[in-house]
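Chemist: Sending over a structure as structure tokens; questions will come in a sec.
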């Protein structure tokens, strides 16, 4: 029955997820094709209109010279004038002035080898006008066929240059023409940008849909089905325990309550039987041992049989359902983290817009200050947030964290100088620290030691999904509406996350958390935990270096590096998105392998060394492709590192039982934030003296050394343990 039950839950989950993916992909693809088609159809007439305007200006200048008596074939400086005009407009490939028979007299730009006389015999713009006046289906089909040539996978050689021309006339006699070449490659470039933007939106929509469907399915379908399966399995095996705090809604919830009521009625009948033979004591008996006391054996065979029945069928057992699930914190955390990640792809560039020279800091350092202050405040606030969780609970603390977070977003939205940005980012960091530690503590309170790596992988996965969606979409949105309106959008999303937390987080987890904190005692703290050498080495040589790379390399250096190579804001967002896109599928695999093999510390060391090697590999020629590859490989390295790092640190902290779980998590997060603070400062300081490649090679060498030191310590510690045993 267990296999069939598990199969039913898995069947429902798989079908719902597949159905959601298919419907979401189908809707997104149709929307993408329509958007690209309409963009292409609408863009071309605008470019033709612009080319006609340029041709009109050249025609007026030429006509003015001819009317003034300058011979048509002897206008000085015309070639230079045409070349300079072409250079001003990237959508133009050439400008030529020809005779009435199509012979070139003056030219600028890259003139193709084709007949201008034949071009003048064609009616201009007829194809475009026909498409604009066609039906929706015709436009979609014709535009779709053209898209296959214009999109990145199309053949560039099949794209023809559009020729726009205007006649040159004197005394109503045509003596020549002005020709403007419209670069279809420019249209291809614009469509490629839109294509990638839509692809990013598609991926983001799929990830958001997955997060929402996971929670909805868990709450309303698979969760209740699993409860009913567990209850049926219990009753089929002869266990008629009653669940005292059973919760559930809908048809499956009513079915579960009905099964529970059957067990409750059976227990009531059993208690009536006890009351009949036990002098009215059936209502107060709470365990089979109380039917017949061990120290006072009874000669009554009925009582002995009743005790056996109670033990065999759990007729006196009352269960208390544990409220709270990892999914409770998943969606509120995702929405809030998504709101925060919207600014990551443009933060240094946003600060650069407000920079004014000063005698204290260079521009590079000032651009890194908001990130450093953000991480410093998180590092300073996280230890206090851990104790606040024990005092006030995860749910209440989430709402306290929303106050500074919302204030910080609104402050940045209306900032007027660099100092405003730095201050309000620090305020936002306080809210971020409180909310993330409350959600992490909520998840840690629910998972057990057997599935700790898997539970922490869920926490990491939610943050990475939010990072990927937020970073990529933030760059696109900033390109469209500007930097500061993005902060207003973040404030709206953060408020929505608060509403979700109010609806979904359980207060029962807070009660259990307080009991665990009381058991741990008040004597455990940072000094006690850092006397644990395993925990200290993991933090100093793995956790801190990982965050130095994340903030110094990904959040600070990558945007500046790509801007120096003339990458657009959307391209920067796409490249940074690759990091999270790699981690999202690989991190769960690494966590499963860590749980299965038990080699958590080894995976942490491997990920640390790989991270350093990747940074060293950036030493050399600068290119966007090389940076894209480095970001992708960094995602692979951190996939190996992230979830096992948290699990390994928590495992090491168990050797210091006087320190509570939330305190240990808080100290780990604080240490990571120290690395986050150091990252931008270290990179900015190195960039003052060295190039991008040299700075990354220096930091990469240091990271490799820390990984090797950690590996040596692990080896020596293992040998010492073998000798001792």
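Cβ atoms here come from the backbone N, Cα and C positions, even for glycine.
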Chemist: Choose the correct range: of 16-36, 37-57, which one does TrEMBL annotate as transmembrane segment? Give that range.
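Modeler: Of 16-36, 37-57, TrEMBL gives transmembrane segment for 16-36.
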Chemist: Count the Cβ pairs between the transmembrane segment (397-416) and the transmembrane segment (483-505) that lie under 8 angstroms and are 6 or more residues apart in sequence, then report whether there are at least 3.
Modeler: yes
Chemist: Suppose I define contact as three or more CB-CB distances under 8 A, residues 6 or more apart in sequence; do the transmembrane segment (194-221) and the transmembrane segment (457-477) meet it?
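Modeler: Touching, yes - the transmembrane segment (194-221) and the transmembrane segment (457-477) meet the threshold of 3 or more Cβ pairs under 8 Å.
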Chemist: Give residue numbers and ranges for long-range contacts of the transmembrane segment (698-716): same chain, 6 or more residues beyond its ends, CB-CB under 8 A.
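Modeler: Answer is 533, 537-538, 540-542, 545, 548-549, 552-553, 601-602, 604-605, 608-609, 611-618, 682-683, 686, 690.
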